[in-house]
Amino acid sequence: MRSFSRIAALALLATSVSFAAAQSHDHSAMGKGDATAMSDDMMEPVRAGDLVLSGAFTRATLPGAKIGGGYVTITNQSKEADRLVGGSSPAAQRVEVHEMKMDGNVMQMRQLKDGLEIPAGGTAELSPGGTHLMLINLTAPLKEGDMIPVTLEFAKAGKVEVQFMAGPANATSMEHN
Amino acid sequence: MNFRLLRFGLWAVIAALSLFLVFTYANTRFGNKAEAVQLGAPFNLTDQTGAPITESAFKGHPTALFFGFTHCPEVCPTTLFEMAGWLKTLGDEGKDLRVFFISVDPERDTPDVMKGYTSAFTDRITGITGKPDEVEKFLKAWKIYAKKVPTENGDYTMDHTASVMLLDRDARLKSTIDYKESPDVAMKKLRLLIAG
């Protein structure tokens, strides 16, 4: 009798552990792809006043695609917040700041008309699946290895030109370039 | 003795309850016992070669449907790359699986545009487009949300459902793979679908 209750207790323990494992598996799935790690061999960071821009990359476009994404990490070393308000590039008709988000299973894409805040002493990440630059109506397809100049415009730091290196069409960071 | 019996009984109840929870969870999570749902309706659309395509294309084999558009900057290429990866991983096991990419933006996505686009990922994905009103009927029948959102300069983008629908051999919805679902779970769902 006694051993039965032990077995029952063990069974309970085992099932709770597997249940917890199944749950935590869920969480790890949700966390996947949230942040993109930048490698050491990335380009020299570009400075604009108190802002440091690093790891700028874009992706080779797919056949027929007229738009490209721009991804970059912006660190603000100032005590005041700044704001990325827009940009321009000879490679595209327009450059806008966009935000992608999921509403349940529905993907939504919106222009951030007021731009993106770069918090004081903080970092803003423009990355695939999140806030990013949108290069609209490209003058030519982007090819892997291309360097795409984009001039970013900040409310306080002003304009700064950054070279975006085109990675493969499914690049998630600069690391494979 | 009574006390022991009671204790044993209680443990047994707890163990049974835990097992029940795990099975219920696994069932809803992986959908292996979930009922397939009948969605869709007869349709007349065009595949990427310009040939007509109807509902019979989804029957007699497992099918995966994904909805999007070629001007889609993020979720569509990401998912199509993932789908190409699944097909590669499945190899021979997935040879019966047919995968379709249906345009929610038929005004810009002609069959030629669709063909150029899908072939950048794999030759296993077939693009489907068609007359805008026929596409709209199709999306409604599969309960797919798609909405045109105007942007500056008279341009537009599309909000749309970004899940992959998995259909059984009778074209009934068996399960879905959500955007950013873990590769393990996606493969599990695909294998269950293929096992039928």
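Note that Cβ sites are derived from N, Cα and C of the backbone, with glycine treated the same way.
TrEMBL lists B:CYS72, B:CYS76, B:HIS160 with the feature Cu cation binding site. What TrEMBL lists as disulfide bond is B:CYS72-B:CYS76. The domain 'Thioredoxin' annotation in TrEMBL covers B:34-196.
Here the features listed in TrEMBL are painted onto the structure.
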residue	record	CB count, 10 Å
B:CYS72	Cu cation binding site	26
B:CYS76	Cu cation binding site	25
B:HIS160	Cu cation binding site	25
Checklist entry - For B:CYS76 (Cu cation binding site), what is the secondary structure by DSSP, using just helix, strand and coil? => result helix
Checklist entry - Mean pLDDT for the domain 'Thioredoxin' (B:34-196), as a whole number? => result 94
